[in-house]
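What TrEMBL says about this protein:
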type     : residues : note
ACT_SITE : Asp74    : active site, proton acceptor
SITE     : Trp17    : site 'Important for substrate specificity'
SITE     : Gln75    : site 'Important for substrate specificity'
SITE     : Glu157   : site 'Important for substrate specificity'
Amino acid sequence: MKSIQGQPVVLASSALWRSEALTRLGIPHLAQSPHYQEPPFVGGALETHVQTLALGKAKSLAAQHPGAILIGLDQLIEVKGQVLGKPGAHQQALAQLRLLNGQTHRLVNGLALVWGKKEQTFFDQSELKMRSLQEAELEYYLQAETPYQCAGSYQIEGLGASLFEQINTPDLGSIVGLPVHLLLNGLRRWGFSNLLAND
């Protein structure tokens with residue numbers, strides 16, 4: 001096992017909270033937006049789709065960063081037979097929150113690691129029960145946090161935690177889109193530890 005500190009790592013995401021989470025784990029990295037056009041979900045297993053998206057994001061930066069371990073991530077939400085991604089704007093976000101209001105939904109994460117010709121993909125899922133909230137509360141939340149680039153229109157790491165009465169997850173990082181246990185499992189499979197100093 002060798003230290004991850006001596007290995008170039010690229011996070012294929014511009015999400016600040018994901019980058020901060022990697023830093024807290026002691027994984028030096030470069031964060032960069034992926035050059036990837038996400039195909040829409042057209043049916044099948046959501047678990048497969050999020051892994052495909054995560055892999056596409058990671059591989060989109062491979063040519064720019066030869067030798068680096070590339071981390072791709074994606075998450076989607078399923079509620080009442082509908083799949084929700086990033087809303088992009090206020091009205092779509094409000095529609096998503098109305099759909100989630102008082103309901104239990106499934107949050108599915110995809111994680112991909114790419115290192116040269118090697119690839120690993122993983123998924124996990126969490127269940128979240130949203131409180132039954134007034135329309136004014138939904139509007140207040142959206143104005144306060146503008147979570148328009150987040151699947152499901154909430155950021156659990158901020159005021160969004162107030163929206164939920166129950167959360168069942170294998171990893172708290174999964175809710176913010178960085179399943180730490182899966183990431184570290186994958187890195188260790190390739191012989192890298194974040195618990196060793198770089199000699």
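A Cβ is built for glycine as well, from the same backbone N, Cα and C atoms used for every other residue.
Positions of TrEMBL features highlighted on the structure.
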residue : record                                     : CB count, 10 Å
Trp17   : site 'Important for substrate specificity' : 16
Asp74   : active site, proton acceptor               : 27
Gln75   : site 'Important for substrate specificity' : 27
Glu157  : site 'Important for substrate specificity' : 16
Coarse DSSP state, helix versus strand versus coil, of Trp17 (site 'Important for substrate specificity'): helix
Nearest recorded site to Trp17 (site 'Important for substrate specificity') by CA-CA distance, among recorded positions Asp74, Gln75, Glu157: Glu157
Glu157 (site 'Important for substrate specificity') versus Gln75 (site 'Important for substrate specificity') - Cα distance in angstrom: 15
Pairwise Cα distance for Glu157 (site 'Important for substrate specificity')/Asp74 (active site, proton acceptor) [Å, integer]: 17
